Structures are given as C-alpha cells and as structure tokens.
C-alpha cells in the first residue's frame, strides 16, 4: 500500500479551545471556511456542530514536551485513508521513498484485508497539513498511523493493498508469458521458436498518421496514368514497368497480410546449419522447404498447410505472361532469334518480405519438376513497396552480375532461355515505396515480393 508522510511543525493555531469536563481536547477551527476533501465533498470545520471528540496521547507528541498538547489524534475509517502505516517503528528508506508496508496483527492475515478491518470511532479534519491518527482493529490492538492530507497539493484516494497488487501483477505476467510462449508443432518439436510466430507485414498504427504531400501524390498519379511499359531485358526475360496499379497493389498487400497471419503464414525460414534467410516467407499452393529444397503439401516444422493462391493473383499472372509473350515475339522478329516464352498456369507462389536490411544471394529457381524446367515455364515476380536492387547473370558471381532496379508495381518475368538465370537481391532502397500505397495500407518499410511458378 503506497504511503507518504509529512510532519507539521509545532502546534496548530486552530486548536485553542479546551474542555473543562475531561482531559480530552476539543478541536476548534480557526475560521469558518470549509475544507474540501479529495473526492470534491465539502468537510466542515468543527465549530461546535460536529463536536467530534478527539483523544491525544503523549506518545504522539513527537517530543514537544508538555508546553502544548495539540489534539493531533483522530480515529479514521480504512476506506477514507489514502496512505496508512501501521506501527510506530518504520524503515527510514520507506519514509524517504514514500512507500510503507502494513503489518497485519496475524501473519496469516497478510493475504487479505478482511482480517484487518479498521473501525472508526471519530474523525477530525482540520485545515492543517498534518494529522496523526490513532486506529483500532477488530482485535483491539492499538495502532498509530500517520495521515498526510495536503488538500491543495495531494489528492487522497483509496489504495489497494500491496499484496493484492502483487497478485494482479503476477497474474498479468503469467498471461503475457502464455501469449509469448512459442507453440510446439504437432510432433512436439519446439525448435525454430521465432519461426512459429506469424510475422505481420503491417505496422501497428500509433497516434496520428500524417497524410503524404499532395505534390508527391499528384506525381504518383501522373505516373500511374501513363500506364505500364514493357522491355525485353534479355532473351526470355521481360520487365513490365509499373504494371500493377496502386489499387492492384493495395488489394495484393491486404490479401497477403490476411493470409500471412493465418495458418501457414509468414515465418522466418532457415537451413539445416541454422543459417537464416534475410527475409520472411509464406508459401501459397505448395510449401517449399529451404532445408530440403523440395515442395510439399505441409511445412515440416509446424505441420501447417499452404494456403491457396487467390484467384485474383492468378489472373494478374496470366495477363502478364501473355503481355510478355507478345513483347518477346516482337523482339524475336527484330533480332531474328528464337525468343519464345511458354505459357504457364501457376500452382505455386512464394511470398517474401524483405525488411530494409533484407537481401537474397544469387541462386537458381530449379526445384520445380523436371518437365517445368525443361520447357522453360516462366517465373513471374511481383514487386510491391520499397524498391530493390535486383541482380541477375549466368554465373553465381555478384561482381559479374547485371543490376536492375525493381520498383513498386513492376512485374519481372524470366523463362525460356533465361529460366535458369542466377538472380538475387543485393539491397532494399529505403523510403521508396509509393506514398499512396502507404496511405491506403499500413505496410511496414521493406519490399513485398511474390514469385509465381508452375510445378
């Protein structure tokens, strides 16, 4: 139970009346002003109307001698006491810190306040800053307690006991521990603790979110109005610049977020040697296991099933493949070379989220079926959010790799003769995501990348 103490100096000038009928002091208020208690109620000074009798004890005279016995003792209710300290002896550190511990008459009564009920006999409230109270519990044991009542500076309130507060803290701590405890998979495997917690690609909204600059929004709208442009990067590799509109990107982000928080959602992938990929991953259609480089229906470490690919995603892919085929055919006529891109129907989508420090080394997408690889069925990649420095080449050598900037809304396709191209992400360019996209979603800083392929 929290408690503060302040001592008065000398006798209070308001106590000047003395009763001749007994050895008890009757407090007389210095003026007619009412005293306002902590709850906003008005408490009248004792001008003969309340006639509350107040006892005093030499033990509480605090060494002032017999010159003036100020009536500084009062009986108070427990419910009216803001800060109570039982016992005359008190730890000096508790006094300095303003925290006192209430000792119960019985050790077994420490768990509850119902065994130590303070019974009020009389109460005296004066305009002074210090009141010393004498309390009596139900067992008849005397207790001396100090009550701080600074009306202008301190608001007195009923406080719960320290024991009940500690119990509440323990209960809350237990609930938080249960929430943060990692869930074991069906086989009892609790490894990859951080991996079992679904990653949220949205930031938690806090406070007021400022709207983006109108000039920036206007520039982005003009860019979107121009439509997309297609470029053949190399035989079998096509870049569709600004292919996905802001509305399309918002829809994709929202669906990925919803899927990512459910079964089979985003997690931290790793390898057998405990090395971790610098990204978060979620598989749709089929699960890809980085430890075995194989596809399956479920994830080995938690047994979750890969969610289905949304129909809207497949529609974007089919249109992008057809557009790429048209561009590749036109380029093939100009170069008089066989630059064909086969058509494909995606049944796998790997969704990766790169943070601002995310990256991915050069690699080949060659874990699909032999038939898919042999036919050169294309891989289609969507980029949303911050821009990425994309690497590609015929060798696993970053120094010899070509560089391409993939911005939000871009679609990259590589198939045919470029199906086995080495590719990766060197870095993410911070704060390059479209402001309009961030205004419509709470996408956290980074890049959301979806790669579609047919097994």
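Heads up, the Cβ atoms here are built off N, Cα and C, so glycines get one too.
The Cβ of residue 450 (2-oxoglutarate binding site) has 252, 256, 313, 349, 350, 351, 352, 381, 382, 384 as same-chain neighbours under 8 Å, each 6 or more residues away in sequence. Residues or ranges marked as 2-oxoglutarate binding site in Swiss-Prot: 352, 353, 354, 447, 448, 449, 450, 451, 452, 453.
For 363, 365, 423, the entry in Swiss-Prot reads Fe cation binding site, with the evidence type sequence analysis. In the three-state DSSP assignment, the secondary structure recorded for residue 423 (Fe cation binding site) is strand. Counting only same-chain residues at least 6 apart in sequence, those with a Cβ under 8 Å from the Cβ of residue 423 (Fe cation binding site) are 362, 363, 364, 365, 390, 391, 392, 393, 414.
Per Swiss-Prot, the feature domain 'Fe2OG dioxygenase' maps to 345-455.
Here Swiss-Prot flags 1-114 (among others) as region 'Disordered'.
Swiss-Prot lists 173-194 (among others) with the feature region 'Disordered'.
Of all the binding-site residues listed here (354, 452), it is 354 whose C-beta has the fewest other C-beta atoms within 10 angstroms. Neighbours of residue 363 (Fe cation binding site), defined as other CB atoms within 10 A of its CB across all chains, total 10. Cβ neighbours within 10 Å of residue 352 (2-oxoglutarate binding site), excluding its own Cβ and spanning all shown chains: 22. What surrounds the Fe cation site, by Cβ distance within 8 Å of the Cβ centroid and not counting 363, 365, 423, is the set 362, 364, 366, 379, 421, 422, 424 from the same chain.
Within the set 352, 353, 354, 447, 448, 449, 450, 451, 452, 453 that the record links to 2-oxoglutarate, no two Cα atoms are more than 20 Å apart, and one pair reaches that distance. Around the Cβ of residue 448 (2-oxoglutarate binding site), the same chain contributes 201, 252, 253, 256, 351, 352, 353, 382, 383, 384, 385, each under 8 angstroms and 6 or more positions distant in sequence. In the three-state DSSP assignment, the secondary structure recorded for residue 365 (Fe cation binding site) is coil.
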